Amino acid sequence: MKHDDPVFTQEQKHLSELYSLLLHYRDELTHQLEHDHKQAAADLVTMSEEIRPDFGGADETLETLAAIETLNAVIDAYNQYHDFSVDRLRRILLLLRQPYFAKVRLKMRPDRPARDVYIGAAGITDEHHLPLVVDWRNPIAETYYNQENGKTSYTVNGAVRTVELELRRQFDIEREHLHAYFDTTVAIEDSLLLHALRSHHTEKLQAITATIQREQNQVIRHEDVPAMLVWGIAGSGKTSVMLQRIAYLLYHEHESLTADQVCLFSPNKVFERYIDGVLPSLGEANPRLLTWRDFMEDQGAGDRDDGADTPLAALERLENLVSKIKIEEGDIRPITVAGETLLTTVQIASVISKHRRFGVGPRFTALVTDELHDRLERRLSALSRTHSWQERLLGLDVEEQIRLIGSVANPVDEEEAAHVTRTYVDVLFQRAAEDAIDRLAWLRLDRVGMRLLDSPHLSAPELLYLRLLIQGRSRSDVRYVMIDEVQDYSPAQLKVLASYYAAAHFLLLGDPNQAIREHTATFDEVRSIFTTSHGQVDECRLLTSYRSSPEVTALFSHLVVMGEDIKLASVRRAGTEPRREVLPTEEALVQVLADIAHEEAGTEGLTAIVARDSKHAHQLARQLKGMVSALKRNEALPASGIVIVPLVMAKGLEFDHVVIPDADGISYPDTPLARRRLYTGVSRAMHQVTLLAVGALSPLVAD
Ligand SMILES: Nc1ncnc2c1ncn2[C@@H]1O[C@H](COP(=O)(O)OP(=O)(O)OP(=O)(O)O)[C@@H](O)[C@H]1O
């Protein structure tokens, strides 16, 4: 009983005291921030009023500049203090939801008493700067994740410290309430994990901070390497680990890394919405979330074939042929903005021919681009000296002039007329024209590429790769690229990403058994592409399923060949055996689905009818009209109930119950691809799988 347990009482007391302290810090900081804000505003007004700008002579100018400098320094100091306080408040608010989830009792030296370290989602110190809770990403927290009792270690700045772990205690805490604690006496046991896994599916993926397992921790805390490939079975926490890794990197590189320097590639928008709560719940901003399609669109190749079937050989041919490109007149496009041709084909052709001797490639492009910028500059300057453009400006309404050039044009002489008109033409053309030059809009890349490959069209990877070859590395400021479900990309798509983000470090996560289309990259190909681009690829494996019950894990693991050395394990409690049912007709199938929908209505869980493709999903939605609907492309997953999803949209998601409505031999024949597709569908289930077929079950799942 909790009340008779002195440890429980003691821990609840500690929690209550810490909680009150956090509340106190929160209130104090809020008042302080409010007060400082007002004070800062008042001080700045006074100080700026005291500055008397005087640029009359050298001394006066110096004095004025010094006064402005002082004011800037004061503003900086306020900002720094403000940022620090806001950050502390943010951490306190995070901890008020759950102050900590574990503690370790560590003996740092044999002659010293052991000390307790409480670990939480963020770190906080008291007024003497002593830690009350340490952040889970702090090096010392590694002793918790190592899951080793007794002698263990952690690494600080490359140095390994050995310590004695006397106690590893986990807590189930909500705000100031301690629900339970678990002392781990057996190293590998993780009671909190088992406790957490008892719960139902949630509509959004949750952070796993408190229960990160040892093999997962090795990925999260892995040293920063150019490329890392994580091979993990379905439900082994790849996505979760990837998000925790992002939080880890943001913490350790907080001085130089911002979330928008991290790109996360995911399979679709439903999945993006499914995962977008994890990092905010850890107190971190989301990275740039994008799909391959978004990337294509950003690069101006949105209307092209996505390159799912583009062979790597096509990119290699481009590589071999690029230096031999002869730019023809028809390959050149004028730079035209808003109907005004700023650089003509003839002008561009003459610049190109001037630098032809370098051969088409990054050097050539840099020289041509620079010269086109110079010519653009001359052209804009010439435009602003023409009467027609000066008159156009003067003919505008006063409001329009103010909107465009920030003042009313009232030139007194020719020089001034050219000057204001220059501002006007800059607003109209400069930015767009410079962008067009930098994007190589002056070169019909597709025409060049089609000629090189002798092909009637270019896919997105072909076009983008050709651009990279001609232009050199992109100017992207992205430092980390995470690709989830890497097995769904074609080698050509991956090669483009590896080259485009050449300076970034990659984390690639996937499961070869979840490749649901033909022609996607094998793990050997992934390795080879990134070894070529990034020098080396480190690898980690995740072999325990945290999502699925042992019965579901057994079902999906029999569908594919895992390799001799791999033994899949599920840590969940036993659930129910899969249900297999053969129906005589399509009508009978629809009736069974309707019955399931009826049974599931009002229950806590979420059921998905995972159809083999979108067409079948829509057909089922029509047949089950009013009872179950198909999930839309941009929709978020519902919390409970029943939905129809095509397999491709179910990628990465999970459901309490998965129904495969077409588990027949035509939808799922005995082929490697069909095996992987069924493995992917079945492994979305946490607790229950229902396999339905009209006529006969697929040989892959028949008893
Ligand atoms: N250490 C952990 N503690 C608690 N839950 C975990 C842990 N690791 C994974 N899970 C849970 O297991 C489920 C599967 O995790 P996740 O989606 O990250 O796996 P995945 O390997 O990306 O799956 P898949 O490849 O099948 O899409 C999630 O519900 C996640 O919260």
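Glycine residues also receive a Cβ, built from the backbone N, Cα and C atoms like all the rest.
Where the annotation comes from TrEMBL, it is an automatic prediction and has not been curated.
TrEMBL lists GLY232, ILE233, ALA234, GLY235, SER236, GLY237, LYS238, THR239 with the feature ATP binding site. Spatially close to GLY232 (ATP binding site) yet at least six residues away along the chain are LYS238, VAL241, LEU509, GLY510, ASP511, ARG541, LEU542, LEU543, judged by Cβ distances under 8 angstroms.
The annotation domain 'UvrD-like helicase ATP-binding' is assigned in TrEMBL to 211-549.
For GLY235 (ATP binding site), the number of other Cβ atoms no farther than 10 Å from its own Cβ, over all displayed protein chains, is 26.
A sphere of 10 angstroms centred on the C-beta of THR239 (ATP binding site) encloses 25 other C-beta atoms. Taken together, the residues of the domain 'UvrD-like helicase ATP-binding' (211-549) have an average pLDDT of 95. Listed in sequence order, ILE208, GLN213, GLN216, LEU542, TYR546 are the same-chain residues six or more apart from GLY237 (ATP binding site) with CB atoms under 8 A from its CB.
The Cβ centroid of GLY232, ILE233, ALA234, GLY235, SER236, GLY237, LYS238, THR239 marks the ATP site; residues of that chain outside this set whose Cβ lies within 8 Å of it are ASP511, LEU542, SER545, TYR546, ARG547, given in sequence order. According to DSSP, GLY232 (ATP binding site) is assigned to a strand segment. Cβ packing within 10 Å was compared across the binding-site residues ILE233, ALA234, and the lowest neighbour count falls to ALA234.
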